[in-house]
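Going by TrEMBL, these are the annotated features:
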COMPBIAS  1-16  compositional bias 'Low complexity'
REGION    1-22  region 'Disordered'
TRANSMEM  34-54  transmembrane segment
TRANSMEM  124-148  transmembrane segment
TRANSMEM  160-180  transmembrane segment
TRANSMEM  200-226  transmembrane segment
TRANSMEM  238-259  transmembrane segment
TRANSMEM  319-339  transmembrane segment
TRANSMEM  369-384  transmembrane segment
TRANSMEM  396-418  transmembrane segment
Amino acid sequence: MTATTTAPDTDATGGEDTARARVARRLPRPSADAVRCALLAIGWQVALTVWGAVLERPLRSLVTGNQGPEPPAFSLLSHTYRFDATWISPIIEGSYVSRPQSAAFYPLFPLLVRGVQLLSFDNLGILAAALIVNTLALWAALCALLAITRHFVREPGRGWFALLALLAAPTAYYLHVFYSEAVFVALAATAYRFALARRWTPMGLCLIPLTTSRVTAIVVLGLCFLEFWRAQGWRRGFLRWPVLWFPAALAGFAAYAAYLGERTGDPWGMFTAYEIEPSWGYTQFEPNVLLTLGRAVGIVARALAGAAPFTNYVLIDQLLPLLAVAVLLAASVYLIVVLRGAGVPLGLYGIATMLMITLNGNLVAVHRYVLPALGIYVALALLAERGGVQRAIALAHLYLGVLVGSVLFAMFTANLWAG
């Protein structure tokens, strides 16, 4: 008997390989920078998760009295559920109707959390789902901030300094916990990234959901409009069709207002909520920002002089917000001076942010509200690039940010008010 062999069908296998190659070419491949940003976001989230899981129990045992709402039972992510989280999570269950004050918290973040839960067939709890949302949002924010910063620095490698500045910010841990900061920063940074690239349609598509995230989206809309105007040479010729994206961006807010009107009868519930909730009585519209800042300076000065006790209220609600405002204004002016016309949108955005977050007659949580102020991180990257004293200032800011942020995150984990 003679053994016979069959030759492989080279045409068939070759055709399959060619087809696979064509499919591979069609699939978008993440850039090296996107992969690095993803690893940075995941690593940072893991580090804060370990921090919280290890330290929550001993920190909570050290604190008695004057704490926030009762935290959940100890778990891997229970340290992420504090203060505003107790208002945000019930929104998933319909608290806009049962608890009208909840309307002060916009719907995008809880909707995304619920969406992740649905994708997991409800196998994930809200804290795990929120961590996934925040990690993806942080990844998007880092990618966008890197692109934004490289638009202004001379050396592309310096763009990474801005990312370190964001993650080292005193309130950066809010990008980790059950708050909407990560989603807001991601959409704001991505919208501005597209504006810098003159890609107005994707910019507008980012601005629409942004207005369902929080009211300060209006200043991001202004930032992108200023960049659009700058692209036209600051001339009246900006009246081109892409300008329609700016009024269209309010569709997100309008949809939220329509929903509140239909379900609660009050389409302006996101504003009237502050009149309903007794614990928010300190929030009163005050257009005289200098008066608000002056009051805070007076409170801090009396405490430092020993005329009044230096309490957690003085530290968290007065001193740190004042320092945050000072950094924001300094960075905004620096951008305008150093970058000239190119820095005007970011600089004015910083100033507008300062005005927006101080119009309610107090500085409570202002040091958290400056977290999305992208100009701070771009300014620090520019300082680091210039070397000498300016680099020393940027590095000192990062060091102090990590130091203060560690204390604030420890306070937050211990269920103490940290802003």
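Cβ coordinates come from backbone N, Cα and C, glycine included.
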>> Do any residues, 6 or more residues outside the transmembrane segment (319-339), come within under 8 Å Cβ-to-Cβ of it, and if so which ones?
In response: 152, 170, 293, 296-297, 300, 346-351, 353-354, 358, 363-367, 370, 373, 375-376, 378-380, 382-383, 397, 404, 419
> Between the stretches 34-54, 160-180, 238-259, which wins on the count of C-beta pairs under 8 angstroms to the transmembrane segment (396-418)?
Replying inline: 160-180
>> I need to check the long-range neighbours of the transmembrane segment (238-259): which residues 6 or more away from its ends have a CB within less than 8 Å of a CB in the stretch?
In response: 96, 106-108, 200-201, 203-204, 207-212, 217, 221, 224-225, 228-229, 231-232, 267-268, 270
